[in-house]
Structures are given as C-alpha cells and as structure tokens.
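Now, the feature entries from TrEMBL:
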| type | residues | note |
| --- | --- | --- |
| DOMAIN | 30-39 | domain 'Uroporphyrinogen decarboxylase (URO-D)' |
| BINDING | 35, 36, 37, 38, 39, 84, 158, 213, 324 | substrate binding site |
| SITE | 84 | site 'Transition state stabilizer' |
C-alpha cells in the first residue's frame, strides 16, 4: 500500500526545503529526488501506458498528477513540476519531437536562423504555468513547489546538435567555427531561461532549479567564458523575485571552484563531486549527491551508502538528493531506504542551523 510509505509530515504544512534554501533553522535536512516523477513508480507507469510523454507534458491535469505522485507515496519535501527541459523552446517557434529524447527538425547553425528567433512577448509554455498553479493548490503546503529550466548552454546543445549526442560535437565545433553565431544563440536562450523561470515563480513555484546539464563537456576556461556569465544573468534576474535559486551542474568536478561565486542560493552537484569537500569551500546550501546507481543495488546497500554519506556530509545547509535523476529501474524499497535513513538522522541530533 502506498500509505505505508508516506511520511507523516506530508499530512500538514511542510516548508522545510524552502527554509533550508533560505538558510533558516531546520529540524532535519530536507530530501527530494531529481526525476522523482518517473518510471520507477508503478502509478507513473500506469499513467504512461495510457498517454504519450508529449501528451503528459502538454496536459496540465496529467502533468499535475505526475508531479504529485511521489509526494503522495513518499511525502518528499520538494515537488518538482513535471515538464520537459525543452518545453520553453516552443516560444521560439521551434518544433520538438521525442524519439525518445528531444529531436529538432531544423537544427540552428546559422546567423540567419538565430536572427529569426522571436523575442518572447507573452506566456512561455502556458501548459507548464497551469500545471504549477494546479499543483500549488493541490499540495496544500505539504511540500515546497519547485519550478525548473534548462540553462542556455544545455538548451543550445539540443538546438544546435538536433538531438542528444555524446559530447555534442556539433555544438563544440560551432564554438570554434562560428563563435559569434553560438554566442548570439546563447544570449537569446539566456533571456528565454530567465523569463521562463520568473513566469514559473509568478505561477506558483516557490523555488527554482536551473539545470546546466551539459556544462561538463567544456574545459573550465571555455565554460568560464561562454557559460558562466550567462548563468549569472539568469540567476540575477530570477533573484529579483526573491525565490531561492538552485544551480545544477553535471560532470562538474573541474568547474566547481569556478562556479561557486555564481549568484545561486544552492548548488546541486553530480555524484562525481566530493560534496563534503565542497562544503569546506562555500557556505552556500549544497544539494545531492548520492550516486543513483546505489539504489539499483537494493535497499540494504542503499542504507549503507546513505548512512556513510550522511556521516561525512555536514547536515547544516544541505539538501539530500541524488547526484543525478533517479534511474527507471530503482526499486521502491531503495527509495524508501534512502528516505528512512535521512529522516532517522533528525531523531538522533539536535536542530540544525544553516551556516
């Protein structure tokens, strides 16, 4: 039964994640899971058996249901809106299909194509905004509602390459061959990502996560020149709303030191990064970063891995999460083990204060 796996705190107001992201005193470290609305959940698989991914993203009722499923089952501290990373590009007149990942019919590779991209005047991805409004109402304060967007570089990766490719060689080639075209595209996507996140906050998101998933394909110096200033622009614009900002970087071991002065309230880092070591470098909130593969090994291994991680990672100013999205094959028992170990810590310690 799902009810046996729920957290009691899900039955009442729960702003633990929001307070942690603000640096406030908390009772325990909050926990949520990237891609928590997904195929590891039987109720999600049942929904997907009746609807395509595109239908679910485009239908606010279905997307709201998917968003709430992991909250109903596990009582997580954060509910991240169910949407696709590429949802906002429709505002640029770009058609995206899924096979199974995003596919762009006409990849953007010329200055003429970039020049034709319209400036946004109106609501970006209205279906996402409606989903957020529905979820915020139905959550009734049981969890912090998170919006999200892809970073300019990660969105550009798909628009230039045409689809997901290992290392995105076409994108990296453009950085050498047509840097002006690439930078013009990145500038347009910077404005799109910033406005998209602001609109999500206006629609009901209480905090947002900016996913710069493909940062790691660049050397640090190139990342500092092409990507970092644009991330700063997005984060600064979102910061004007007062909502907390989480920045996620993948394959970021070589980028962490360069990234930590960005205006994010929290940094979410992949499992390759030494998060306890990173704590010594910053007083910002840190999120993550258990290897998702640990959950595939079953609940007992998950308990051991999580317990060891919690012992090494100071609790103050930390949001428990994985170092990437949960894998579809993760057993429910492993997820429950992660949550139980994280929540059990609070019963063994005094209140935690973010630095």
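Keep in mind that glycine also has a Cβ here, set from the backbone N, Cα and C atoms.
Here the features listed in TrEMBL are placed on the structure.
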| residue | record | contacts (Cβ under 8 Å, 6+ apart) |
| --- | --- | --- |
| 35 | substrate binding site | 325, 326 |
| 37 | substrate binding site | 44, 66, 67, 69, 70, 80, 82 |
| 39 | substrate binding site | 45, 48, 328 |
| 84 | site 'Transition state stabilizer' | 53, 57, 96, 98, 102 |
| 158 | substrate binding site | 86, 96, 102, 104, 164 |
| 324 | substrate binding site | 34, 250, 270, 271, 292 |
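DSSP assigns residue 158 (substrate binding site) to a helix. Across the domain 'Uroporphyrinogen decarboxylase (URO-D)' (30-39), DSSP helix (H, G, I), strand (E, B) and coil residues number 0 helix, 1 strand, 9 coil.
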